[in-house]
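Engineer: This is the structure, below, for whatever I ask next.
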């Protein structure tokens, strides 16, 4: 199966500047294509997983993936579909975040010097040295303010009479220049991104056409939500991170294991590398086979992101907890100073300290709703004092929020 054919078959396609021509070119030759990522956290989360799988697909078909870290544009902020001004990231945080993002990506694609090896660039390398007057002189006349004002990302803010700073307005110009720079210096002929980036991508392609006459393309992916409308990458407990220092492989496994029934087939197509025969089997699942399919999906996605050993460990932990009722040492763990337990801590505060809830009020609500357990026993009093008497084997306390979220507190 060819790259574009598989791209469409997996559900990645939303829009392209010239799909027929791009299909023909990618059949005849290998291209370089790029995707940009925000440099605002030390890890990517599953909201970026489709873009990562596209980079992986590019590489598998012999094309060269280029990853752009927005070290330059992160200093400004992208207004695209945001209701509020973006927080500006410091240089120190950008460097730290870039390292973590490469760690996320390296789980899925190979970086190196080979023809199809991925490269990662920070657009600060060329944007930081910009002379503003030179930029206006050389590129300003190619951009139409009239057109920029019609873009949904800008129009939405203007219609709501929300603040849109000059800094953010310039983001579009800088992203367009990124594409031009990569076309000129890396022979990049395709920019990929979410459908909310369409206007920025087209501006870049137009800039290249006007200046150099090169044939380049833009292609976007659909914006994804779960079948219930929830945003991909976010849960009540926080983001579903790809790096294990922010989210354990077990919790990653559990996210996919607990996906909604209606999402199984779509997630299998988007995020896994199941064969067509296996995908066909997913599409014709009987009701009694759904849980087994979820386990298979969770196992494969955890193996892809972490390792086969991590997937096996996560599966074994889940079996012990949910099917055998045991406490497993591989559960996510937090450490609490022994002095805290010796003095005693209220149940709701302990759930908050352990990170199972994001606030003390949420902890109270969890307990009042009969959703909290300590050592598998229901917590009925939010002010109940938890002390060293609750330690199992004198070393751990098991906390549970609902049926599917568990954590061990160690001292």
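Quick reminder: no glycine exception, Cβ is built from N, Cα and C everywhere.
The L-tyrosine binding site annotation in Swiss-Prot covers 34, 171, 175 and is backed by sequence analysis. The ATP binding site feature in Swiss-Prot is assigned to 234. Here Swiss-Prot flags 345-411 as domain 'S4 RNA-binding'. Taken from Swiss-Prot, the feature motif ''HIGH' region' covers 39-48. Under the heading motif ''KMSKS' region', Swiss-Prot lists 231-235.
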Engineer: May I ask for the residues of the chain that lie six or more residues beyond the motif ''HIGH' region' (39-48) and have a Cβ under 8 Å from a Cβ within it?
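Structural biologist: Sequence-remote neighbours of the motif ''HIGH' region' (39-48) are 69-71, 74, 87, 89, 94, 96-101, 103-105, 122, 231-234, 239-243, 245-246, 255, 271.
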Engineer: Which residues in the same chain, at least 6 apart in sequence, have a Cβ under 8 Å from the Cβ of residue 34 (L-tyrosine binding site)?
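Structural biologist: The answer is 65, 66, 67, 68, 179, 182, 188, 190, 191, 192.
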Engineer: 171, 175: which of these binding-site residues has the sparsest Cβ neighbourhood within 10 Å?
Structural biologist: 171
Engineer: For the domain 'S4 RNA-binding' (345-411), what does DSSP give as the number of helix, strand and coil residues?
Structural biologist: 20 helix, 22 strand, 25 coil
Engineer: Which whole number of Å gives the largest C-alpha distance between any two of 34, 171, 175, the residues noted as binding L-tyrosine?
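Structural biologist: Per the listed residues, the maximum Cα distance equals 17 Å.
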Engineer: According to DSSP, collapsed to three classes, what secondary structure does residue 171 (L-tyrosine binding site) have?
Structural biologist: helix
Engineer: Kindly report the helix/strand/coil residue split of the motif ''HIGH' region' (39-48) according to DSSP, in that order.
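Structural biologist: Counts, helix then strand then coil: 3 helix, 1 strand, 6 coil.
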